[in-house]
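I have placed the structure first, in the form of structure tokens, so that the comments after it can refer back to it.
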Amino acid sequence: MNKNVLKFVSRSLLIFSMTGLISNYNSSNVLAKGNVEEHSLINNGQVVTSNTKCNLAKDNSSDIDKNIYGLSYDPRKILSYNGEQVENFVPAEGFENPDKFIVVKREKKSISDSTADISIIDSINDRTYPGAIQLANRNLMENKPDIISCERKPITISVDLPGMAEDGKKVVNSPTYSSVNSAINSILDTWNSKYSSKYTIPTRMSYSDTMVYSQSQLSAAVGCNFKALNKALNIDFDSIFKGEKKVMLLAYKQIFYTVSVDPPNRPSDLFGDSVTFDELALKGINNNNPPAYVSNVAYGRTIYVKLETTSKSSHVKAAFKALINNQDISSNAEYKDILNQSSFTATVLGGGAQEHNKIITKDFDEIRNIIKNNSVYSPQNPGYPISYTTTFLKDNSIASVNNKTEYIETTATEYTNGKIVLDHSGAYVAQFQVTWDEVSYDEKGNEIVEHKAWEGNNRDRTAHFNTEIYLKGNARNISVKIRECTGLAWEWWRTIVDVKNIPLAKERTFYIWGTTLYPKTSIETKM
């Protein structure tokens, strides 16, 4: 290799080295100036700075706001649930027992209910905590909500315990179930240590009752999916439909405190900077599944009480109401008979009792004691999440659940067999005429009316005559006509008793006595 070539190579290496040094110097100089612009990532040869990050976050937030504001749905319909549609049913049936006739009648009814207060029955606390983001859809109505899990921005929660002021608030930086729950417990600990000795908590209580006819009717009435709770209460809907049992359900809600979330100014305020709307769309957000967040949760306890009876009386509801209101029913034989055929089941959610703690008794005073005891919050009697409210993220409007369902209202009525007694001791010839209708039902539930007459009608009877006519419990339109022979040419037969459409009684006796010109009558009834 000659000297010229070696000189050329040496000069080239020197030029490359100097170029590298200059480049490194420029880069260092940029970074020195760049206390404002630090490297965060390199993508395709481009340096992405914190300003770029900020721009990306703004773009993500704007995109989330634009798309959520742009969702098209009817808030009245998105959480609208149409339950059972009743088509074919037998409207009436009749059954004979040894001393009674039982009529079971069924009538189609409907119930509509709109509520923003969604009852919590099952252990779904990790999906219904304050600040949780849910999809407003059928699953939410059925108490099994879908939640959106993603990076979140901080939220502020507050507990409405008295006297706490700023101590009753807390910022949750990453609002997951565990972190929100921890923040709530921290606020409660502060209350227990600093405020509980100074303030008392007024328990807010609500009460509702409903006669039970079907599962969908009951879900609409109490504002929750009732399947889970029925595992504890064991309501026999089949026996109710057949008319073999009658059931009333009571719901006592005792709210100790409520945890609320400060509402966001815009939808993106709930999502982390790196979250995109495309990611949210993949998690299910669309026109049919708009996002909502849990804006508040009520903590306390709920007591559900089942009152069940085998009585066929038409006054079951009134008897139960009298019992609930602690009225004196000692003089009401029918109410006492109904309650003697009744039993009571209570299940308690929350408070010092374990979840679904179940009590079965025939003494309603035991139920009253359960309601009365453990009705105030304390560390030993903690609150259980019993209901929550969801709010649409689009406009911060309340997400109300609208239930509508058809159901069959079944009423079973017992009609006890009875009898008519005819007693004639008068000094004349008498004739009796007794007629009635017997009601039954065909296989389609159509009423069949059969006219009946006593076989001894219109025969001459002299004193002393006494007979008993036995009537089934399905006897209706009972008529009794009695006439006596006067011996007068112009009025040979005189009607002395003529009663129509009298109700069936356990025993009704018709007495006649006296003379041809001065007959006497009386009617005695034993119900």
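Just so you know, glycine gets a Cβ as well, placed from its N, Cα and C.
Swiss-Prot tags one of the stretches 11-21, 429-439, 484-494 as motif 'Conserved undecapeptide', and that stretch is 484-494. For the ranges 273-282, 313-322, 383-392, the feature annotated in Swiss-Prot as transmembrane segment maps to 313-322. Panel annotation: around the transmembrane segment (235-244), residues 93, 102, 104, 106, 212-215, 218, 306, 308, 310, 312, 408, 410-412 of the same chain, lying at least six beyond its termini, place a Cβ under 8 Å from a Cβ of the stretch.
Counted with DSSP, the motif 'Conserved undecapeptide' (484-494) comes out as 0 helix, 9 strand, 2 coil.
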